Structure formats: structure tokens, C-alpha cells
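Trainee: So Swiss-Prot lists these for the protein:
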type     : residues                                                                                               : note
BINDING  : SER14, LEU15, SER16, THR61, ASN85, ASP106, TYR219                                                      : shikimate binding site
ACT_SITE : LYS65                                                                                                  : active site, proton acceptor
BINDING  : GLY130, ALA131, GLY132, GLY133, ALA134, ASN153, ARG154, THR155, ALA156, GLU157, ARG158, ALA217, GLY240 : NADP(+) binding site
Amino acid sequence: MDVYGLIGNPVGHSLSPPMHEAGYGTLGIDARYVTFEPAPDDAVAAIGGAGALGVAGLNVTVPFKQDALDAVDPAPLAERIGAVNTVDFGPLRAGDADRPRGHNTDAAGVKRAFSHHDIELAGRDAVVVGAGGAGRAAAFALADAGATVHVANRTAERAVDLADAVPGATGGGLDDLGDRIAGADVLVNATSVGMDEPEATPVPADHLHGDLAVLDAVYAPIETRLLREAAAAGATTIDGAWMLLFQGVEAFEIWTGADAPVEAMNAALRAELE
């Protein structure tokens, strides 16, 4: 039996175990998905220890995504983003590498969420609200897919710093957010606004329009105020569970080499969110 898992602190809230185990069960893969909660400064040691104990793959969540870079051979996109959320011990176990391979499937989660909803990103103008970890993954994902990206953040300097790292991107504060969105095709909320206060929104309703595709990274609640108001404006809306699903699907496929059973994994995830 193969063991996969998640390291983070805390991890008790994670929806990854039922999602991944639904995938293993559907395909008849003999595997389990478990959680590990090391001390906040023990990411490198924890990843090394997991590999030594025969763990086949790990997802990595806060606060370890940046520190995990020091424990892996990062894939190019993970290195550019500056964060790892998926560790594959396969090359190390096969003797083909000295360290496990590190990936960032958060970026793939963004791209595949749009693709699943038939949204073409190449040549589009995109606005990402938020310059934290989710914002970095979204900005790089959109640029990698061929979109022109503008990052908007309450602290403009953080948006500019992120934009400087993303090819062709611009960054700034929130003062001109309405004008930026007016000319955009794609909008991503990469902040946590709408999670703890469900009636809060990062984008005023009068900024939204019917030519937008709107992805909200918040997945609890599934239907945020932003998505309700975007739908009312005629926009295409994509809830955060799709992004969560497809980052997990991408990790599943890296680890197993099999096509993930997306429908089964999605059903398991949404059952947990109900």
C-alpha cells in the first residue's frame, strides 16, 4: 500500500483526504492519504523524514510552501512561483534523483478550473486581486496560459513586487480597480475576503460586468457574495472548490501516473463542503 499525505500546521480542516481517497477507491489503487502536522519550523526535516519512511507523495500547505523549496528539486514553475505544494518521491525512490521533485499544482488548479469551464485564457486581460500565496500562483498561472495580468492589492508595493516577477504583468493598488476590471476578461479573487465574513466582498458590485469570467479562490462558502453579484451582472462564475479540486487532481496524476477520476473526486469534495 502506498501512503500519500499532507503536511501543514494546522491541517485538521483539510478536505484533501476524502478527495484523494475517493480517487484511489474509484481506480482501485491500494493507497491511503493521511495528514501530518510538524512544528512550524520543521518543514525540511519533515519532508526528508516522510521520504525516509517510504511516503510516496506529499501535499504541502501553510506555513511550509516556501520552506519546502529547500527540501526538493523544484520544477521550473514552482521555482518561479517560489513555493511548493506537491512533493513527488517517485524519482528519489527509483534512484533517478538525489532529492524528491517539487511542484506547484496551485497554478495548475487555476488553469484547469478555467479550462473545465471552457474559458480560453490566451490573449485575455486578467485582473488578480491579492498578492499573497494564492495571488502568486494565480498570476503565474494566467501569464503562463498567455493572459496579460494586472495584480491589484491593498498594499500597492506588494502588487508591484509580484508583477515584477511575472512576465508582462503590471501591479498597483485598489484605487483604479474599477477601470482595470472594466477592460478585463478574467477576474480572480486571490484574497480570503468572503470567507470569515460571508457578506464581505473584495470587489464592489458596480465593477462587475457580463464579459467577465470570475474565479473566487474562497471555497467556504461555495457561493460567495462576489460570485452572486458577478452572476447577477451576467458574468461566468467559477467557485473556489474547482481550484481546490484541480490542484488535487494535478497532484494525484503526478503521483500515480493515472488520469484522475475527476467526477468522483469532485463529488467527495463537495460532499464535505455541504
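In case you wondered, yes, glycine gets a Cβ from its N, Cα and C as well.
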Trainee: Can you grab the distance from GLY132 (NADP(+) binding site) over to ASN85 (shikimate binding site)? Cα atoms, rounded to a whole Å.
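Mentor: With the alpha carbons as reference points, the distance is 15 Å.
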Trainee: Just the number: how many Å between the Cα atoms of GLY240 (NADP(+) binding site) and LYS65 (active site, proton acceptor)?
Mentor: 19
Trainee: At the Cα level, what's the spacing in Å between SER14 (shikimate binding site) and ALA156 (NADP(+) binding site), rounded?
Mentor: 31
Trainee: Within 10 Å of LYS65 (active site, proton acceptor) (Cα to Cα), which of the binding-site residues ASN85, GLY130, ARG158 do you find?
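Mentor: Within 10 Å of LYS65 (active site, proton acceptor): ASN85.
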Trainee: For THR61 (shikimate binding site), identify the closest of the binding-site residues GLY130, ALA134, ARG154, ALA156, ARG158, judging by Cα separation.
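Mentor: Closest candidate to THR61 (shikimate binding site), judged by Cα separation, is ALA134.
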Trainee: Once SER14, LEU15, SER16, THR61, ASN85, ASP106, TYR219 are set aside, which residues in the chain still have Cβ within 8 Å of the Cβ centroid of the shikimate site?
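Mentor: Going along the sequence, the neighbours come out as LEU6, ASN59, LEU244, GLN247, GLY248.
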Trainee: Using a Cβ cut-off under 8 Å and a sequence separation of 6 or more, which residues in the same chain sit near LEU15 (shikimate binding site)?
Mentor: LEU244, LEU269, GLU272, LEU273
Trainee: Helix, strand or coil: which one is ALA134 (NADP(+) binding site) in, per DSSP?
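Mentor: ALA134 (NADP(+) binding site) sits in a helix per DSSP.
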Trainee: Minimum Cβ neighbour count within 10 Å among the recorded positions LYS65, ARG154, ARG158: which residue?
Mentor: ARG154
